[in-house]
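To start, the structure under review is shown below, and the notes come after it.
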Amino acid sequence: MSVAAQTPGHGYGTIAETVRPDPSVPSSYDQPDTQESLASAASSASARSSSVTLAASNLPWYMRRTTIAVLVGFSLFVDMIVYGIVVPILPTIAQERLHMDEAELGFLFGSYALGLLLATPPIAYLSDRYRNRKWPMFFGLAGLGTTTLMFAHAESYWTLLAARIMQGFAAGAPWTVGLSLLADVYPADQLGSVMGPVLSCYHAGFLAGPLVGGWIFELFSYTAPFYFCAALVGANLLLRLVVDESIYLTPAAAACNASWTAGSPTLRPSTSSASTTVPEFAADEISALLPAAQRAAHPSAAPPMLSILSLLKGKPILLASLVTIVIGSIFAGLEPTLPVHLRNTYHLSPGAVGSVFISLIVPSMVTSTLAGIASDRIGGARVLVVGTLAMAIAAPLPALPGISLPATIAALCVFGGTQGIAMTPVLPAMARYVASKGSTSYAAVYGIFNLAYSAAILLGPTVAGVLLAEFGFAIEMAAFGGSLILLLVFLAWTGLGSF
């Protein structure tokens, strides 16, 4: 028995779909009433998901997966530029304009993470609750632009502090909603390949922020870097308005993507000669269409919504959060301590210190992309082990006594590259766990990632500063390496299969 159906194609044609039963399906599905309801549901529910999964090249450019990935990558790039552009500027403001002490300056930098911590849970809940990624992300970006302009015109410490906290609050949307949007659009077994390049955009913004901020500040004025950031945010807002991901957020599309997670494609090109704008697809297995069919036949059977608290009961999420905190803390700990080491050891100027940071960031941009591809092909657990072990070995190298500046830069290149390998498998693993629960609560799970990374931003510089002050840079880096070895031992004991 086969059923042909035509459904509207969201403004880009119609979709003709043939649903053919698989002979291997149990006989209970051959009953007339069951077979009729299944065919009716499948014809309406799987048509959209077929065009999403296999006919993306025929969609308008603003609805394609690649465009959505560009949007998320650009959003993280802009967010990190806004985050980092104040690094070379705030100390000058603190000393020359507002006469702030070191404690006030340190709290001002850390208050970004406080805003991020406060914003993430409600943003994640609202995005998943209303199954909407567009407007939470749009208003978050709008808030990011507004707080950036507040920096340009701040005349007191409290105004700067309020702007920094609100900046962190607004940044919760691009991270939480942006990453969940990728999980909505891409099947879980392809997430590593797209998360890698997106994380490279994050690293690029992390690198570009301080460099661009310092140069614009020196060449123009104090307010110029903030207007530059506001212009970037404006371009980001325009792209966010144009891109349309609604076709991927239907229950049918979610079911289709979830079925790819198990490793068996749900749909294949049909040999029918019907003339349509979007290519015709036929179902390979009725069993694979059952989730979508059931949701179409029973609209109330929506995917279960998982809260942040319920997700934290899952061991894979706890382990992914632990990896994020440990590795994120190490990398964040270098921000205040590496410049001190370089200045004291090699007598480098602030500009030269900023240039040395390139050796940490650029390699991680490359390795993040490669690690994402490798995670999809050989498994995230292997990539995580290799990256974490290599990072542990590389950690003490930049602090070896008596080495030259070029050797230190080379060691930092290796250390930065290993960080990209170790961190990349975490994001796809978190999405796979949500998919395994039959849910689409990706904003909640990436809200947990945001919370873990915020904790790392708060914890890392504090611990690293104490280690540097009490024991020196060599002991600090050795402690980083030791913590990574302990992390690997703990993961091996609890189970690396989570990745």
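Along the chain as shown, residues are numbered 1 onward.
A Cβ is built for glycine as well, from the same backbone N, Cα and C atoms used for every other residue.
Keep in mind the model is a prediction, meaning the values are calculated, not measured.
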The annotated transmembrane segment range in TrEMBL, which must be one of 138-159, 248-269:
138-159
The transmembrane segment (443-467) vs the transmembrane segment (165-186): 3 or more CB pairs under 8 Å:
yes
Taking a Cβ cut-off under 8 Å, which residues six or more beyond the ends of the transmembrane segment (354-374) line up next to it in the same chain?
88, 192-197, 199-200, 203-204, 206-207, 210-211, 214, 334, 338, 342, 348, 382-383, 387, 408-410, 412-421, 423-425, 428
Are there three or more C-beta pairs under 8 angstroms joining the transmembrane segment (473-496) and the transmembrane segment (223-243), sequence spacing 6 or more?
no
Contact yes or no, the transmembrane segment (381-403) and the transmembrane segment (473-496), 3+ Cβ pairs under 8 Å, gap 6+:
yes
